[in-house]
Amino acid sequence: YGWPYLLGGYIISVCLAIFLHPFLPESPTYCYIISHDETRGHKELSRLHGDNKYVEAEESLLRMHAKICATPQAGKTWTISRVFKFHGNKMPLIITILFNAGQQFSGINAVFYYSTLIFRSAGLNMYQSQGASIGAGAVNCFMAILAVPLIKYCRRRVLLLTSVALCTFCQIVLMVALKLISTSPYAPFVAIAALLSFVLVYGMGLGPVPFMIATEMFPVGPRSIGISLGGTSNWFGNLVVGLTFPLIQESLGELSFSIFIASSFLLFIFIYKFLPETYGKEEILINQLEEEQESAEGTSTSSIEGPSYFV
């Protein structure tokens with residue numbers, strides 16, 4: 001009976017966000033690279049970091065980015081139609097959309113939405129199932145915190161390939177364990193361990209990387225549209241999985257996880273064949289630009305390469 005109040009409590013955070021929104025600083029990247037307003041960009045950097053040497057270093061980096069993005073077409077407004085028409089955005093778009101859809105079709109939200117039913121089928125009573133579901137949420141929260149250093153220091157391909165492979169293995173174990181629950185006394189414990197392990201390894205890479213891969217695949221101009229399209233793909237996949245999983249489970253039973261296993265296997269192949277390593281690309285481009293500027297000293301003109309996917 002407390003669910004309506006629990007769901008309604010979300011309005012507190014919404015009202016708080018609305019109240020705080022006018023106090024948020026503008027993005028310094030937007031100021032320097034999109035609107036070319038260095039005065040406001042310096043002001044916003046100072047609001048974020050104070051007036052110190054870090055602001056000077058960040059300004060230098062943003063000016064470098066602005067030069068990389070300075071092309072004859074840079075002044076045009078990026079729209080969804082222009083992003084789709086521009087040939088250079090084709091592969092980043094495909095990767096961003098498929099990654100976000102693939103994240104949902106890995107079955108993670110089916111696990112969260114129906115974890116109580118899954119635990120009940122594993123032989124737990126209602127209270128035990130609810131406690132195990134809370135435990136799965138706690139594992140997911142822990143991995144969200146651990147993902148911060150993982151994303152900072154680890155290569156994207158390694159994280160994704162490892163995470164997707166382990167997710168696929170955990171779901172195979174979960175499906176087999178659920179199938180054997182009626183015949184094996186150990187199957188319920190294996191099913192619970194497989195489900196919690198699935199949540200754990202999902203948070204290594206398949207959880208966080210699809211949400212931020214567009215920031216490393218797209219140049220600054222169309223980046224916001226690429227992120228939006230990826231988010232749309234993610235939520236659409238979420239809707240499809242949430243609506244169809246109960247029907248599929250009713251028809252196939254434990255074998256309903258085979259669909260997610262197949263989807264994860266195809267995603268693994270796609271990552272292995274098509275995903276370029278984006279970790280550290282930004283620093284490489286900045287170093288290349290600095291080398292070009294140094295080699296062009298003493299001349300009247302300098303050549304600056306056009307934008308890259310990974311700026």
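The backbone N, Cα and C atoms fix where each Cβ goes, and this holds for glycine too.
Just so you know, TrEMBL annotations never went through curation; they're auto-generated.
Annotated domain 'Major facilitator superfamily (MFS) profile' per TrEMBL: 1-279, in sequence order. Under the heading transmembrane segment, TrEMBL lists 6-24, 91-114, 134-151, 158-181, 187-213, 225-249, 255-275.
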Stretch in 134-151, 187-213, 225-249, 255-275 most in contact with the transmembrane segment (158-181), if contact is a CB pair under 8 A: 187-213
Best-contacting stretch, by C-beta pairs under 8 Å, relative to the transmembrane segment (187-213) and drawn from 134-151, 225-249, 255-275: 134-151
Chain residues outside the transmembrane segment (255-275) and at least six past its termini with a C-beta under 8 angstroms from it: 91, 94-95, 98-99, 102, 105-107, 110, 156-157, 160-161, 164-165, 167-168, 171-172, 174-175, 178-179, 245, 248-249
Local confidence of the prediction over the domain 'Major facilitator superfamily (MFS) profile' (1-279), expressed as mean pLDDT: 86
